[in-house]
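Notes to accompany the following structure.
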Amino acid sequence: MTLWINGDWITGQGERRRKTNPVSAEILWQGNDANAAQVAEACQAARAAFPRWAREPFAARQAIVEKFAALLEAHKAELTEVIARETGKPRWEAATEVTAMINKIAISIKAYHARTGEQKSELVDGAATLRHRPHGVLAVFGPYNFPGHLPNGHIVPALLAGNTLIFKPSELTPWTGETVIKLWERAGLPAGVLNLVQGGRETGQALSSLDDLDGLLFTGSASTGYQLHRQLSGQPEKILALEMGGNNPLIIEDAANMDAAVHLTLQSAFITAGQRCTCARRLLVKQGAQGDAFLARLVDVAGRLQPGRWDDDPQPFIGGLISAQAAQHVMEAWRQREALGGRTLLVPRKVKEGTSLLTPGIIELTGVTDVPDEEVFGPLLNVWRYAHFDEAIRLANNTRFGLSCGLVSTDRAQFEQLLLEARAGIVNWNKPLTGAASTAPFGGVGASGNHRPSAWYAADYCAWPMASLESPELTLPATLSPGLDFSRREAV
């Protein structure tokens, strides 16, 4: 029984599915997808649960969410292993994901009060009050790269605001989704407040097509995000929050501290085997001897990176990609760029055929035309050389995406220029592109999102503002508007 609907675990009636470890092929999870009728049933359960949940005092909702945080802490080792085995990422990195899930609770509570709490301004004849109200029933679509943390960033603020939810994890990480939902069940969520539907494209389409949804919160690829945007066009009554990918530039202007610059680049491009939406995809390196030396050192150090199993000892820096198919897609993208005229600096290699273990690849594309403006979700770094900083910014902005951008330089003025001219939601200076703070908004512009950033700003799309002018008494104004006559006439 792999679906959780209205507080009950039930068996899916859709397609049979199984999940294996992307390196060992060990079967980790088996179950059936939710069919369209079960998706509709989950929505009905969420709708029925909404009035009571929305009317619960905030303190009651907070108590359940904090109980969930305590359960995450108590079961950290178990959830870490589930995430690591299912995604292929090393145990150390999966542990940081669970820590981020735990930290998200306190941050979301603070964000709720800071961004969507109640504010009152006293007036001469009453008060002006700003309150926030939940949307109702929301669908949450989760990605596979951070199958615990990223859905958590939607689910927690949505529940705190008083919404009820239908959660569809990625079909590539059903085990993590199920494990997390079982902790929510133990936290004491009332039946119907949070529902789990497993499945792939058909389940997702059934969910996003429901007329009774009040909104949809999505983290994933730009292609799927665009499909959802088209599907919900003409429905302004529904909130739609899209957190999509990026073709992110990292500018290396000054690499005098060579190894520090190389370390920052490795963290930006290859952590999580390149499967972070903020990963550097385009490396812009200044022309000259220093840039040449930097690239040589980068290729040297990156060439020593050996991906390994989730439980290897010692732990590797990177593990496997989500699937062998994903690794093959990266290889095909590299070959395509070679065919366009790219010069390979570091050849990506499959460690073992049939697995998702893939070494990093680096290819220079200076002067190459018709390079696809796409997010290759894996350890492939494209290099361009530039002559002056204005050219670097032009290259950085030469993309339909706009998620993250970074600069390695000692010149504050260059960073200030980048802040003014970069088209990206995250702009970092001498910090990895993959570094982000939950106390700041997380999101981008262009093909990277629809101006609904998450993290600290997730509270914004989980509730709508209600403005009130209020007074306990009804009084006639001392001064009336022109043309109004309230004088009493004597009866004739």
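The backbone N, Cα and C atoms fix where each Cβ goes, and this holds for glycine too.
Database features (Swiss-Prot):
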type: ACT_SITE; residues: E243; note: active site
type: ACT_SITE; residues: C277; note: active site
type: BINDING; residues: G220, S221, A222, S223, T224, G225; note: NAD(+) binding site
Identify which of the recorded positions A222, C277 has its Cβ surrounded by the largest number of other Cβ atoms within 10 Å, counting every protein chain shown.
C277
Give me the Cα-Cα distance between G220 (NAD(+) binding site) and E243 (active site), rounded to a whole Å.
7
Beyond G220, S221, A222, S223, T224, G225, what residues of that chain have CB atoms within 8 A of the centre of the NAD(+) site's CB atoms?
F218, Y226, Q227, M244, G245
Fewest neighbouring Cβ atoms within 10 Å: which of the binding-site residues S221, S223, T224?
S223
If you measure A222 (NAD(+) binding site) to C277 (active site) at Cα, how many Å is it?
10
List the same-chain residues at least 6 positions away in sequence whose Cβ sits under 8 Å from the Cβ of G225 (NAD(+) binding site), in sequence order, or say none.
F218, L242, E243, M244, G449, N450
Integer Å distance between the CA atoms belonging to S221 (NAD(+) binding site) and C277 (active site):
9
Please compare the recorded positions G220, E243 by how many other CB atoms fall within 10 Å of each one's CB, and tell me which has the fewest.
G220
Helix, strand or coil by DSSP: which one applies to S223 (NAD(+) binding site)?
helix
